[in-house]
Each structure stands twice: as structure tokens, then as C-alpha cells.
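Novice: If you look up Swiss-Prot, you'll see G8, K9, G10, G11, I12, G13, K14, S15 marked as ATP binding site. Residues or ranges marked as [4Fe-4S] cluster binding site by Swiss-Prot on the basis of sequence analysis: C94, C131. Annotation comment: Swiss-Prot describes R97 as ADP-ribosylarginine.
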Amino acid sequence: MRKIAIYGKGGIGKSTTTQNTVAGLAEMGNKVMVVGCDPKADSTRLLLGGLTQKTVLDTLREEGEDVELEDIIKEGYGASRCTESGGPEPGVGCAGRGIITSVNLLEQLGAYDDEWGLDYVFYDVLGDVVCGGFAMPIRDGKAQEIYIVVSGEMMAMYAANNICKGILKYADAGGVRLGGLICNSRKVDNEREMIEELARQLGTQMIHFVPRDNMVQRAEINRKTVIDFDPSHNQADEYRALATKIDQNEMFVIPKPLEIEELEKLLIDFGIAN
């Protein structure tokens, strides 16, 4: 079983990218579980056809300790297993702590057991690695591979670099490695070349360049992944290609984060900061 965490700046398209990739892996015959680690609880919506899933923390709050696995896991597209950790009530408590509680409960209830025949577990993790709770999949060895969703925008690259610092910090203790950058295009000038160069300087690869296409939004409005909504569309093939590359990936590294001056130089060299 491969355990993968998807990180990236807030709003970069992590949840969309994760769910479309999972659809591609499921279509290939893989058994996949998705653990949403975001208080918004939108990490599994497209796989579940728009159903808003009751989160682990909400279930715990309402049911107490008497929770069964089927209360918190729903079956989605391609027999994927979907669960959302959720978060505390707004203004109360720590969302990162909620992720720790949720993942521990999933382990106790046997969500990762061999009987489920899982090939992959995906953690879709909120935003930047800003607090210990969100770093948990890296820190505690819950995830072995990290993929960072990035674009050619400065803050997305800045966040990717910060996430690499987190991976570096926990690489020895948790054994986690960076599998690559996924460029979710924003149609920035020289975007592909810039992210390839960022990946090179970090010591990793740009595993796939996902072009911008309105089909992604159309599928989302219809509460589906692109592969589910329009399987013959070019964008569906892009996600299939990304799924295949992740499936076949053998490049796992401890990244070399850039200094802020190096990152700014990269932006200047590719014409963004001019």
C-alpha cells in the first residue's frame, strides 16, 4: 500500500487534482482510500457525486466514542473509499489536532487493514505546512510520498518551497520523500519551463503539467471528476496520464529547499517579477 499526501497553497486545486487522479487510479483497477485533511471537507465530494459527507469529528461529537467504520467511510467512484476528518467549530480548537484525532481513529477502526486490499491511501492536506497538525502525515510517517500542487504564481511557488522545508525536517524521522511537483496551470507566462526549473533546483521532477481547461469546472458543477463526467475529453486523459506517472514513479527524494533570494531570482529569470 502506497501512502501519498498532496500538499500545496490554499486554492491551488489540491482537492480537484487529488480526486481526478484518484479516479484515474481507480479506473486502472487500483483500490484507493482518500482521507480529506481539510476542515472544509471538500476532498471527496466529486468522488461521491456531490454528497457532503459527515466528517469524522462531527460524527465523534454527535455519537461519542461509539463510532463504527461505516459511519465515517463512504464508497465513491471506482469503489474508492472516502472519509473526511473535518475540523473544530469555527473559532474553537485546532484543525490540525482534528486531523491527528481522525487518522488515529481510522487506524483504531481498521480502515487500513489488509482486508480492504488497498493499493493507495491519499491524504489531501490543507494549505501550507503551517502547524504541526497539518504536518502530521509527514511527521508521523503516515505518508511516504508527497506530491506538491503548484503553479507559476509566486505564492504557490513560495508555499511549495516551504512544504519542502517541512519534508526536509521530517525526512529522517518519518522516512517521507518528495515524489514531484504537479503543475496545475494558471496560464502564467513560461509556466511549464519555470516549474521544471523549480523542480530541478529542489532536486525533484515536475511529474505532470495539467493544462487549464474549463471542463474541470464543468465537471465540478455536475459534482463529478472529469473522468466520470466526460471520459473521452482531453482533460480526462491528462488526469489519466498523471495517475499513470504517479503509479510508475520511482523518483523519491529529500528536497533541497531554496533560499528566498534564489526563488526570487527564478521568478526574475522567467520574467514574472519584471
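Yeah, the Cβs are placed from backbone N, Cα and C, and that goes for glycine too.
Neighbours and distances for these, please.
Specialist: The Cβ of K14 (ATP binding site) has 24 neighbouring Cβ atoms from other residues within 10 Å, across all protein chains displayed.
In this structure, C94 ([4Fe-4S] cluster binding site) belongs to neither helix nor strand by DSSP; it is coil.
For R97 (ADP-ribosylarginine), the number of other Cβ atoms no farther than 10 Å from its own Cβ, over all displayed protein chains, is 16.
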Novice: Which whole-number value in Å describes the distance between the Cα atoms of C94 ([4Fe-4S] cluster binding site) and G13 (ATP binding site)?
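Specialist: With distance taken Cα to Cα, G13 (ATP binding site) is 23 Å from C94 ([4Fe-4S] cluster binding site).
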Novice: Express the distance between the Cα positions of G11 (ATP binding site) and R97 (ADP-ribosylarginine) as a whole number of Å.
Specialist: 22
Novice: Looking only at DSSP and grouping its letters into three states, which state does I12 (ATP binding site) belong to?
Specialist: coil
Novice: Check each residue in the chain of G13 (ATP binding site) that is at least six apart in sequence and keep those whose C-beta is under 8 Å from its C-beta; list them in sequence order.
Specialist: V149, N184
Novice: Around the C-beta of K9 (ATP binding site), how many further C-beta atoms are within 10 angstroms, looking at every protein chain?
Specialist: 22
Novice: For the C-alpha pair, I'd like the distance in angstrom between G10 (ATP binding site) and R97 (ADP-ribosylarginine), rounded off.
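Specialist: Distance (Cα to Cα, whole Å): 19 Å.
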